[in-house]
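Copied from TrEMBL, the annotated features are:
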- Ala38, Gly39, Ala40, Gly41, Ser42, Gly43, Lys44, Thr45: ATP binding site (BINDING)
- 17-296: domain 'UvrD-like helicase ATP-binding' (DOMAIN)
- 297-556: domain 'UvrD-like helicase C-terminal' (DOMAIN)
Amino acid sequence: MNTKETLGSDTASEYERLLNLEQLRVVKEADGPCLVLAGAGSGKTRVLIYRTIYLLERGVDPSRICLLTFTNKAAREMTSRIEDKLGSLPEGLIAGTFHHVANIFLRRYARYASLPHNYVIIDREDSRSIIREISKQILPEKEISPEVIQALLGLSANTSETIKDIVMQRYQYFSHLIARLETIEEAYNKKKRELRVVDYDDLLSFWLKILTMQEPGEKISEKILYILVDEYQDTNRIQALILYQLARKHRNITVVGDDAQSIYSFRGATVQNILEFPKIYPDAKIFHLPTNYRSTADILNLANSVISHNKYQFPKVLKSVKPQGIKPVLVRCYDKHSESIFVVQRIQELLKDVKPSDIGILFRSRYQSTEIEIELNKLKIPYVIRGGLRFFEMAHIKDILAFFRVCHNPKDEMSWFRILNLVKGIGKTSREKIVDSIRGKDSIEEILSSDGIKIISPARTGWQNIKNLLKSVIEAKKISEQTGIIVEKFYREYLYANYLDAEQRIADIESLKEISGTWQNIEEFISQTSLQEHYRGELKDIEGNIVLSTIHQAKGLEWRIVFVIGVCAFHFPHNLSQTDPGGIEEERRIFYVGITRAKEDLYITYYLSDPRNYSYRKSLFIEEIPDKLIDQWVFD
């Protein structure tokens, strides 16, 4: 290989110019089992890229290097930068996501997994269609949706736990369905075999299966000389088992990650994989990358203090290459509304000197951004929601609003169709008959008192239930009370049957109840929520906006200025974490990730009450911060 086409005539000095001493050690010395603890903003991607180039320049056959990432974007970034440095991407280099690489090996060794060599990978929608047809024969209509069943099967596959274990540990409200879910799982697997197809989760399961078999397992582990893994803290149980089998021959496995950024347990990831790596490989080398190129020293001092309270971790202290900067600001607000006023007013001041895209507003849970969205819309300040919809665009919020809309305007056919689509027993034909009968009525009272629609019995029962519900809604006086009736008498059951994140969606609706107190009546409520949707249409094509994001969605990103909002007890840490083993530590890691997104300025806000007169206190995580590390403001 001509090194003049790669890193320059003097390769060694070029590495020294491009890498710091800690990074250089990894690139040159990461033979055998190696754990690279790469702190936030420490250049871990650069290390993996140059380690790969280093191996290639020393004559390692590209087909004996396996570079594993978590996203297609990360894989493209790494292979693109390797190609830029070397002039072309070495032929045979195995690089991509776990699922992509699994497919490569399954094609070669399909017969060992009892698969045809020409098996087809089905997408999520096709998988759901198969599950839907199977579940029709086994479960009552709409008791649990195909989407939820699919998610449960996926969690089972990725955690190597049974359906029963998954349900009992995480979703006990489905415990009465365990036997039938197991029957569906068995029938689903049988159907896939008949169709000669595999789904996304099967790729990892079958890869592990062939790796644990003597002949193909030995061939594959003999072939792969070097394994490099990105974001190891995000691996699940089955991925860790795959890596162990893959490395069993040569044991040249380098995993790069940060236990302090392990925040995806809800997807099946486990922080234990990275924490237990030195136990699995007692002779493992442990490298530390503590140099942070993103944040000021003041922000890192705060981050270091926050994460130091976790018991189960690798001790770490991030060091900044930047000047001291200004201290992070902790802002106490009177209530949730005043918090939103503070954030938006501060942003208006900041926008005199910075671009909108320099600002990120981060939160633990989606519902926490509602009031800030409303204030930004009022002032026509452009923003985007990263990885999701704006508050009033979310399906469950639109479902609740549909009930108010038909009460306000009984001729709103779109809202009627939306409501009826949620109801057990009401199919397409019955929906159309009901809406057709509504067209001749002038008031909601006339609709609710009428009868005589010729529809089948299940649909008739469902329609009567909706009429009774709407009568209760109309009788209630306050919008917040009306919302509670919709949820408790009907919508909660629907959410649990259709979404694994039902609790999160209910929290969003609770946020809707909170802000509803700012409007006098249903007419004003409907008018203002409609305007929120209209603003989205105006702003959706504008680039360079302020970003609103959950911290989970913001991982890997950075902004010059960051607001971490709603850091109150019961919200952050999340209330559900109190009973989850390891829950508080993961919540603290989420807070740490939020803090380390900031490059120069960091604002952390909390409030003391909400419109329902609930009292709050600042989060445990704020109480743990020494006063000397922050400036404290009060905004009432």
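Cβ atoms are placed via backbone N, Cα and C, with glycine included.
Positions of TrEMBL features highlighted on the structure.
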residue: Ala38; record: ATP binding site; Cβ neighbours (10 Å): 28
residue: Gly39; record: ATP binding site; Cβ neighbours (10 Å): 25
residue: Ala40; record: ATP binding site; Cβ neighbours (10 Å): 25
residue: Gly41; record: ATP binding site; Cβ neighbours (10 Å): 20
residue: Ser42; record: ATP binding site; Cβ neighbours (10 Å): 25
residue: Gly43; record: ATP binding site; Cβ neighbours (10 Å): 21
residue: Lys44; record: ATP binding site; Cβ neighbours (10 Å): 21
residue: Thr45; record: ATP binding site; Cβ neighbours (10 Å): 18
Excluding Ala38, Gly39, Ala40, Gly41, Ser42, Gly43, Lys44, Thr45 themselves, the ATP site's Cβ centre has within 8 Å the residues Asp258, Leu289, Asn292, Tyr293
If I take every residue in the domain 'UvrD-like helicase ATP-binding' (17-296) and average their pLDDT values, what number comes out?
93
In the three-state DSSP scheme, Ala38 (ATP binding site) belongs to strand
